[in-house]
Every structure is written in C-alpha cells, then in structure tokens.
Amino acid sequence: MSGTYGDSTRSVKAVGSEPVPGGPIAPPPVPAAAYHLPPDEDDSLDSYGRRSNPTWRQLESAIATLEGASSALAFGSGMAAITSVLRTVAQPGHTLVVPADGYYQVRAYAHEFLEQRGVTVVQARCAEMCDAAAGADVVLAESPSNPGLDVVDLHHLAMTCRARGAMLVVDNTTATPLGQQPLSLGADLVVASATKALAGHHDVLAGYVAGSQPEVMALLERDRLLAGPILGAFEAWLVLRSIGSVGLRFERQCQNAAAVALMLRSHPAVRSVRYPGLPDDPSHAIASMQMRRFGGLVAVELADAQAVHDLVGRSALLVASTSFGGIHSSVDRRARWGDPVADGFARLSLGIEDTDDLLSDIEAALPRAGR
Ligand SMILES: *Cc1c(COP(=O)(O)O)cnc(C)c1O
C-alpha cells in the first residue's frame, strides 16, 4: 500500500516515530557520544557515537524510503559522502570517470587525491558520459548537472556500465529523490548533498549515500567508522525535520523554476536559458523519461558579470549566495568559482516564495534589453 503513496505522504510518514501512547510524535535528537555497554560480545547495540546513532538511523530510513533504496548512510556533508564512496570503490589501477561539467570540488578531489593513489581520472561532459563509461571501472554522473543543468540518459548509462562491469554512482543533489530515483534507472549507488533542497533552509550541511547492495553499503559504513566523516546528531535531526516538508517545498520550487524559466526564455536581456522542464530545452526528451519533476534550478546567461550583479542589486527577493535549494530564491554567478561557464552565467535557485511575486520581481530587476 505504501508504494502507492505520493511523495509528501511518504516524506511525512518517513519522519514519524513509532506510535507509543504518551511518546512524542516527532523523534527527539539523541546527541550521544557513548552508550551504556551491553554484556561483552553483544555488538548489535549502540556503543560509540562515531559508529552509530539513533537519529542517523531515523534519517537514513527516511532517505532510503525516498530514494527507493534498501539502505542509506548519513554523512557530515555531500562531499563527505562522495569522497567516502570514491576512495572506497575506486582502487589503484582503476579508471574513474567524473563529470567535466558537474560539481567542481568532486573533480578537484579526484585529481588532487585519487590520482596520487594510482587512479586514472577521466573527465567527461554529460553528453560524453556513455562513451567515457565504455572504458571505466567507476563512473560518477551528475544529472541534471550543476551548474549547466544538462541531463545524462541515466538508464542508457547504467546499461553501458553494466555491460562493462563498471560501478555507476549518481549524484542526485539537483534532482532530489522527489525528482528522480537513479537506483530505479539502474545506478549502483546514489550520493547527494542534503545541504540543498532536502534540508532546504540554508542552515545545515549534510550528505548521504543510498544503495541496495549490502556488501557495498557495509564497506562504506566501515569507511565512515574509520575515517569519521560523521553527521552531528542535531544536524541529523534538522535534516529529518526538514524532510517532513520537502514534498511541499520542492513542489513549489519546481513550479517557481518552470515559471521563471518560461519568462526568461522570451526576455530580451537573456542570452540563453536552460531548464530541463522547458519543452524546447535540449535535455527535455531525456528528462521527461527519467524525471518526475524538473527541479528548482534554472541556468541563465546574461550579457556579462555586471548584468548579474545588477539583477541581484535591483531585486528585492533574490539573494546572492552559493549553494541552492533553500526556501529563499538565490543567484550564484558560477564563473566566480572557476566553473567553465561564461562570465554572465548565473545559476538561479528558486525558493518557496509566491510564484507571481518572483515573476514580477525578477522581470523588473532584469535590464530592459541586451547590453
Ligand atoms: C553542493 C553539492 C555537493 C557538495 O555538497 P556539500 O554538502 O556542500 O558537501 C556535491 N554535489 C553537488 C551536485 C552539489 O551541488
């Protein structure tokens, strides 16, 4: 029966505690470093806070439900989750494919740390992922890509990886599990930054890995125990609390992004717009096959850096901020961080404000015509 529930229903159910008369409906955080030890040789219970925590388990079960995974592991940030996966599955001698047009710090980690350990790192853009996968042992794909919002055909990529015996890891940060479920498309693992839309309030960093292969998940849990990139109990509780409302928030964010993308598409000051939900976007056909919602991000190119600064300066609703997925709408000019994009390229993250307010604010803040 629960398989037929919608995302909001599943999100709300996923964060409730067991119904005990007199007990709290919302589970409280358990900030424990150490637990009373059971008798010797019973290691099924919580013992030490780097190994396990009841609040993590609650969060992990909610995330696994949303991703359609058998299990999930919470980490201290998206990068903590991604780097744990990469150092665990990419062995010396392996070829690892990472996105050339995806999250930049993943490329930096692959080159600065994994290459030193004998991993061959290959960068591929979204459109080249399947070709690159044909020679790989591990493939990390990101779809839609951050910041360009290009889309990878995940099912096709998964089939290519399977034929080659390569492991496919998909970064599901921009889509969120409410937008797509990479495991159902054939991915071996999902990684994501929960800092973005899942937590959604610009106030906590977190990450996770979700999967359905017990041996791989056990290796990752072992890496988390030994390396210690753990999430604090209060942070886990904040993310859990946020998941209860992620269905509502994400629905509004997607609606706002679709409306803003449509408005920008015909605005004279805009050079180009990418949003996988626009019917004439180059990614729309693949996106429609694998995504249930197209996300809260819009990629836009204005004339130059100054045009982006002016947009933020004149708007009463947009905040200049890196990161995305929060309740406030925000703008990030990605060339500032070294992404391979034009100076006037901005990633817009639409928040949960009223759609009409955002449309009129952004329209009024844009220059009247191209400069
Ligand atoms: C932000 C982001 C990350 C890193 O997550 P943190 O929580 O900042 O460590 C990884 N991948 C993508 C696509 C991101 O947007």
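Here, residue 1 is simply the first one shown, and the rest follow in order.
Cβ from N, Cα, C; glycine included.
Because TrEMBL annotations are produced automatically, they should be read as predictions rather than curated entries.
Predicted, not measured: the structure shown is a model, and the values here were computed from it.
Here TrEMBL flags 1-11 as compositional bias 'Polar residues'.
Sequence-remote contacts of a segment are chain residues at least 6 beyond its ends whose Cβ falls under 8 Å from one of its Cβ atoms, and for the compositional bias 'Pro residues' (21-31) they are 15, 53-55, 58, 232-234, 236-237, 240-241. Summarising the annotation, TrEMBL assigns compositional bias 'Pro residues' to 21-31.
Its Cβ taken as reference, Lys196 (N6-(pyridoxal phosphate)lysine) is surrounded by 24 other Cβ atoms within 10 Å in the chains shown. Annotation source TrEMBL lists N6-(pyridoxal phosphate)lysine at Lys196.
What TrEMBL lists as region 'Disordered' is 1-52.
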DSSP three-state assignment (helix, strand or coil) for Lys196 (N6-(pyridoxal phosphate)lysine):
coil
